[in-house]
Amino acid sequence: RICDDSSIPFLRTPQLCPKGQDVCYKKTPIVKKFKWLQKKGCASSCPKDGFIKIFKIECCTKDNCI
């Protein structure tokens, strides 16, 4: 799988994911002034938000999908 791992919105830096990490994800803070703190990368499954929902989490299973 190839996923973007840039933490900067609108910047794409594709990376080859390690074996077993077949999900691309993006975690973006819900509070708009912190959107630049997003995190993108590879995972073995879609990450979950904690008890207090502070992130919008998107996941997909195709190359460069987020």
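Each Cβ is built from the backbone N, Cα and C atoms, and glycine gets one as well.
Disulfide connectivity taken from Swiss-Prot links CYS3 to one of CYS24, CYS46, namely CYS24. Out of CYS42, CYS46, the record in Swiss-Prot bonds CYS59 through a disulfide to CYS46. In three-state terms derived from DSSP, CYS3 (disulfide bond) belongs to an extended strand segment. Reported as a whole number, the C-alpha separation between CYS65 (disulfide bond) and CYS42 (disulfide bond) equals 11 Å. Note on proximity: of the disulfide-bonded residues CYS3, CYS17, CYS24, CYS42, the one nearest CYS59 (disulfide bond) is CYS24, by Cα distance. Across the structure, CYS46 (disulfide bond) and CYS60 (disulfide bond) are spaced 8 Å apart at their Cα atoms. Closest to CYS17 (disulfide bond) in space, going by CA atoms and restricting to the disulfide-bonded residues CYS3, CYS24, CYS60, is CYS3.
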